[in-house]
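Participant: Before I ask anything, here is the structure I am working with.
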Amino acid sequence: MADAAVELPGRLAILPFRNKVLLPGAIVRIRCTNPSSVKLVEQELWQREEKGLIGVLPVHDSEAAGSLLSPGVGSDSGEGGSKAPGGSAGESTKQDTKNGKETIHWHSRGVAARALHLSRGVEKPSGRVTYIVVLEGLCRFSVQELSARGSYHVARVSRLDMTKTELEHAEQDPDLIALSRQFKATAMELISVLEQKQKTVGRTKVLLETVPVYRLADIFVASFEIGFEEQLSMLDSVDLKVRLSKATELVDRHLQSILVAEKITQKVEGQLSKSQKEFLLRQQMRAIKEELGDNDDDEDDVAALERKMQNAGMPANIWKHAQRELRRLRKMQPQQPGYSSSRTYLELLAELPWQKVSEERELDLRAAKESLDRDHYGLTKVKQRIIEYLAVRKLKPDARGPVLCFVGPPGVGKTSLASSIAKALNRKFIRISLGGVKDEADIRGHRRTYIGSMPGRLIDGLKRVSVSNPVMLLDEIDKTGSDVRGDPASALLEVLDPEQNKTFNDHYLNVPFDLSKVIFVATANRMQPIPPPLLDRMEVIELPGYTPEEKLKIAMKHLIPRVLEQHGLSSTYLQIPEAMVRLIIERYTREAGVRNLERNLAALARAAAVKVAEQDSALRLGKEIQPITTTLLDSRLADGGEVEMEVIPMGQDISNTYENPSPMIVDEAMLEKVLGPPRFDDSEAADRVASPGVSVGLVWTSFGGEVQFVEATAMVGKGDLHLTGQLGDVIKESAQLALTWVRARAADLNLSPTSDINLLESRDIHIHFPAGAVPKDGPSAGVTLVTSLVSLFSHRKVRADTAMTGEMTLRGLVLPVGGVKDKVLAAHRYGIKRVILPERNMKDLAEVPAPILSGLEILLVKRIEEVLDHAFEGGCPLRPHSKL
């Protein structure tokens, strides 16, 4: 409560309230975020605790109301300060602030306030300090001089409210006594009206009987929603008679507005239409039937279902079908077996979006490109193709665009690209997972004759998004299988064909549904498992793996902020330098995408979270300075930039924050402690190629490019060839081909003195592909197999810094292979310096980033002899008479 005996200091720090007024006796909660306000609270309240007093001074957006003054820019001692306009309420002046850009209109009168509660917080992730302050208005003051103290203002003030002695003398005034009685009578009448609606006004009635009337005037007015000018007028009312007169007028106005609103409500309720009366009677009849046990809820539910079906916008032929099914349902009892399935079917018909679509906003290609660049780093060609797709949609919205199929390793952003397309088109997005689907019914639905039948995933997805034109992602389309229940890939042929999906027939739905408005996007890790007819209906866009530099940029820009947010941290708690991220990429992850990188970053964040949560120095920063005794709270929000007002619910605690510890900076020691010893080493290739018979190949998998070692050894035997490593038929044939070529050219390769000597005389050859649990197939290991065999027979080691790929023929020609970019990136990840490629793959090098190519020596070859010449230190000299 405002205290007439409070001792007001000569100077007060000034907290500005823009277009809001704090009256004596009122309580507000403010959230200080402005640096100047934060500094004021820090120095004047936080450090002084319960001894601190501040001044709250209204700030105008215009000079329309009240008396104004302009702030000086002098020091706290008053130099350069501006004098208040000697008590003349009508005069006003204005002056630019320090920066000369903004004019601040200060009111000449304010209210001294004390802090009842302080709470300090730190925003994440910025680390900005904020304060939540509960202030109580004490007494009015007049500003005599305003000056600057650092980033905030202070004022020389004089008290305006009466002292205790003056109040005792004024209370004997007959006019004041009459005004007090009139105010209390009006306030009591208001409380009586409010008691009928609110349960909490009893405490207000107690205030009315115990608190002096001159204080009640401010408290009551502070609880009303009135204009800023009226608030200022109340603040300027120093004379008790004037203040009580204005307060009585405002209370009476508030009372009359409540009475008028009640009168209008009663009038409207008394003019119920015939249909409304019938509705009320039916509700009463329903209650009577419930008491008698004669409930017809099911009939009411069927009627509601019929109304829902009428509003679904079904085509005429489907509406006729639905009506027949509805008539059948009405004739059935809820206990009958088919009742539940019929009702579920009709509910599906009513919930499907037959006509409802998402309204597409006008496409802004520039904004779409910026969104793609912001959400996805790199992938230039892929993003360009998406922009082209969106450009065609903008020029011809009804065009049936191609079905895009993003093919690439896991973790390169295939799913998020589809989500970005939906975001650019302002359409809803739905993901249909096809991984492991082997039943055609998952696409077309089950027939209703089966128990537990349900619609297919496409129809069910459309029901969930409630629009007929979403962007639908068919995820992992290469993971579908087939068995006796059918082939889901064949069912997708109808879905992805724009000429057929206009009348898509789900077995459960049993009526045609138009899928032509749906934009389909598919994802896959590999193209090989996708049936050719299905692949022909899609435009394949390959997403290669990321380079180490791209991974670094993605981690710093996207992954680290996301990981910190997911673990409740910020940069003030954990910092991961670029050098450490680079070490994680090089030593702990070797992948095409960034999922393992994110997992390792999450492991570091968890380790930091444990330490932060266990901090012994974690202290509560909330300070309860004085208990809140007032029951009326100002619940309005300040609309200025200095402070933000918020409601304080009765009895609710203000949340506490914790001291901000010094940030934890990740170093190599922490990496090894959290992630363990490095999993990969640049010297791995050199260690494994330390003996003859081992060569380094490059292969492509569904996870991107990889380095594949090939090991060959000889032993006593009968000239047999043994192959291990879970190999497919194609790679087995490549091994047979390689051995045949080496045996035929043994003399030319200086592996035997003459061509008559059999290299396999009394010995067997065993070729092994390490990582035996991983299936391997394809022709691209041909040159690697030849190099391994030549190394074995010549007892020469292959260069450890060289990797190769290429298919070979029986005549020694090197044929082109696929996945060149991913293979080159894999070689770079493993620290390989030289890469041997077929010459006909030179065109594919244009897709490899220039920084990667600059760090590698690319060797293009036409024949296997050139491969051998590059693979061995000092070359592999052939005999001059060599032919073919």
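A Cβ is built for glycine as well, from the same backbone N, Cα and C atoms used for every other residue.
What Swiss-Prot shows for this protein is this:
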DOMAIN    12-255  domain 'Lon N-terminal'
REGION    67-101  region 'Disordered'
COMPBIAS  75-89  compositional bias 'Gly residues'
ACT_SITE  SER780  active site
ACT_SITE  LYS823  active site
Participant: Would you kindly give the Cα-Cα distance separating SER780 (active site) and LYS823 (active site), rounded to the nearest Å?
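Facilitator: Rounded to the nearest whole number, the Cα-Cα distance is 11 Å.
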Participant: Count the other Cβ atoms sitting within 10 Å of the Cβ of SER780 (active site), across every protein chain shown.
Facilitator: 28
Participant: In which DSSP state, out of helix, strand and coil, do we find SER780 (active site)?
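Facilitator: The residue in question, SER780 (active site), is coil (DSSP, three-state).
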Participant: Taking only the residues in the domain 'Lon N-terminal' (12-255), give me the average pLDDT of this model.
Facilitator: 74
